[in-house]
Amino acid sequence: AHGNAQRGRADPGPGAPGGLFAWLRGRCLGRGAAVDPARDTFGAMTGLYAAIQPADSVSLSTRTHGAVFNLEYSPDGSVLTVACEQTEVLLFDPISSKHIKTLSEAHEDCVNNIRFLDNRLFATCSDDTTIALWDLRKLNTKVCTLHGHTSWVKNIEYDTNTRLLVTSGFDGNVIIWDTNRCTEDGCPHKKFFHTRFLMRMRLTPDCSKMLISTSSGYLLILHDLDLNKSLEVGSYPILRARRTTSSSDITSSGSSGPRAVGSPCHQNNSGPLSEKTLSRPSQREGGSPRNSLEVLTPEVPGERDRGNCITSLQLHPKGWATLLRCSSNTDDQEWTCVYEFQEGAPVRPVSPRCSLRLTHCIEEANVGRGYIKELCFSPDGRMISSPHGFGIRLLGFDAHCSELVDCLPREASPLREIRSLYSHNDVVLTTKFSPTHCQIASGCLSGRVSLYQPKF
């Protein structure tokens, strides 16, 4: 009784309309007073982020290693890895701001992305079409090199439950690697999915969905994901979407994705995908089949035409939303947009399905045209760090950095700028929050890495 009295109107309890399951779901989403105790800790961390001053940044740099394309912390926050243009991977101690090691020939071409499998093992991918596995305890040699892509590899994801590594590249392929059977010669692998114009691929935190962004402005969502089943052309059900394309345009066994020069984002000269309406119904009535494909054209403010290039794709740490960075066809305008996942069936059976709803957005500085700007959520999902010219902007869903579920607007609202941090002398390409400390890292086109943290 005392617990119910404390909850009051904000949390009516399991006896309220909707029953026990609705009440539990509300708790999981962070609504009401009875929530995860860590939420207060995250709230305090958010306050510290808002108090960070640019003067407290620390510049990390070694010899000339080219532009910084990606930053990744180890899960325990003890190591910061840096993917560089000139074949190098840099390792820093983010607490002491000391350089640990340089992997001078990590790959034979640009290093694009780094992903930790645990606190010791991490993977890197490159424009040399390979993926490399590394062990922090023995950095003199690679654990193994993975061959399978035929063009530049841009993205790495990892399913901790199945220990499957998932990669994507400009060859349009999404490939699954079984690290359970890894040897010095590599890992068993299979092609999972193929699409033209592929830019980025992400898994939701629970690995129930795969999202794929394209340079032609389409966002593909695979629902009820089953990574153990390879998807051949025409072998998966397609859900009706707000704007759809023909499966022959989306997937093609003989076509390849856009090939860029260097690591900037480039539009494909073939033009956007066609807009034929799919007529093939879902394979199973009344249910959601595994690996159901949904094709969307996310709404982008200020650019109502088709063909926006979705250059950066991130997922909310709790799986509530997706974060996109989009550039216009003419590359003269950029937007950061947040889309909430809309679960369940359409409101009306005859209405088209659309899993995403635009909730927040903001226009970005059009600096460093053609280069991909990698943005990110904070560990608690309350803030966004976005490259902005020669610095970064910390953005919130409202002025108080509230949880997304606590401040969902009826119509799309602007993201609120909490603070701007500038310490670079070139265009910032990537930024990342530490998973364990109140720290933000950013990297720029000239190769400088900066750390921002409160000064006590």
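For all residues, glycine too, the Cβ spot is worked out from N, Cα and C.
Residues or ranges marked as compositional bias 'Low complexity' by TrEMBL: 244-256.
Taken from TrEMBL, the feature region 'Disordered' applies to 244-303.
According to TrEMBL, the repeat 'WD' annotation covers 104-137 (among others). For the repeat 'WD' (104-137), same-chain residues at least 6 beyond its ends with a Cβ under 8 Å from one of its own Cβ atoms are 66, 69-76, 78-79, 81-89, 91, 143-147, 149-158, 160, 163, 165, 167, 169, 171, 177, 179, 182, 262-263.
Mean model confidence for the repeat 'WD' (146-178) is a pLDDT of 95. What TrEMBL records for 146-178 (among others) is repeat 'WD'.
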Residue counts (helix, strand, coil, in that order) that DSSP gives for the repeat 'WD' (146-178):
0 helix, 21 strand, 12 coil
Within the repeat 'WD' (104-137), residues counted as helix, strand or coil by DSSP:
0 helix, 18 strand, 16 coil
